[in-house]
Ligand SMILES: Cc1cc2nc3c(=O)[nH]c(=O)nc-3n(C[C@H](O)[C@H](O)[C@H](O)COP(=O)(O)O)c2cc1C
């Protein structure tokens, strides 16, 4: 069986802070003086690099959410989005503490001018010696549009992707403006860079204007690795066009079939747009539940998590922010009406179509759904099952995430599960290359 890739997904927030304060085994990690120093993420990055992960992806939202019940209370109480660090400087910090791990920061095409983003990512790619990645999001929250001064509302859903297409095209031209051999560093003639190999241009698009070149030479990877996570039809088309790796949030009566269908769809779209399907790795988010015995793991999975009022508030505050809709207006135990959203369309459509109640949506969001990929057992049995599932889906790999995240969970993955996967030849034991994209494309 061919190998598959592993990635890890989290954010720069008080780790271990759950829906009812710190959870057991969170140690001191949710304390502000600890998490705000970045030390937890440094230890996470080093642990997953030791385990051979392809990348760490840091998600991001840039404003305190106040759509739910019209107040910031829930967000700030639970540290949902109101206690964050900006992921871009964080990955730069992590680059100094690691040497092979891919480091992905989320940045929204709606909030950066293309030139600024291209400069920042080229810099991080240089500093990390070719390990920078960009999770391309378009951002959906109207409050963020107001915070960044771009208007009262975000542009409509599909238009945001049209803008993002143009954004990526400009950024790519900026990165490509420096030919690989433009820096000559010729001591005899005293010439640092050959101006004939650095292209000047004016870009006049429908949404953006920019003038190249960047004043930063071509970075080790040429451009960062592109990561993307949209699941709506427009989001998939965007991802299939640009992404080196796609994070696919899928759900269905048969979760393996749903995952396979998603991957097949991306591969079909790539074939249609003329790109090689094998050059885009589609990873599926999973949250393995691991224990010494199957019975213990089943018991942990069965009691996780408690859907109390805090859990409901927390989940609905996030959902409200993502979709610019106050979900406190709906009855928790009635099927959710059809809702038009300009926010996270794919996820909401998947739930409301099935006549789910809001409570069921919350339970699913908290990881209790049987409709997403589940792995519960000992490190050995979960490794076996992951191998089977990867084979049925067709390949590529998984993205591990956990909320709230603790050092104990990281150790279960890196020192319990991964060695079992390695013994079976399912994941790498050492990095093949120095750069992120080369590792991603090595199998
Ligand atoms: C695993 C995962 C991580 C995501 N991370 C972010 C993020 O950090 N910031 C953000 O604004 N959106 C994030 N999103 C949202 C996606 O970028 C996208 O907006 C969302 O999935 C809806 O896309 P769609 O309308 O095309 O379905 C994430 C989605 C998933 C599934």
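Cβ atoms are placed via backbone N, Cα and C, with glycine included.
Note that the coordinates shown come from a computational prediction; the quantities given were computed from them, not determined experimentally.
Features as listed in TrEMBL:
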type: DOMAIN; residues: 33-391; note: domain 'Luciferase-like'
type: BINDING; residues: 60, 106, 157, 161, 231, 232; note: FMN binding site
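Sequence features annotated in TrEMBL and their locations in the structure.
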residue : record           : Cβ within 10 Å
60      : FMN binding site : 20
106     : FMN binding site : 23
157     : FMN binding site : 19
161     : FMN binding site : 21
231     : FMN binding site : 21
232     : FMN binding site : 19
DSSP three-state assignment (helix, strand or coil) for residue 60 (FMN binding site): coil
In three-state DSSP terms, the structure that residue 161 (FMN binding site) belongs to: helix
Where the record names 60, 106, 157, 161, 231, 232 as binding FMN, the maximum Cα to Cα distance in Å: 20
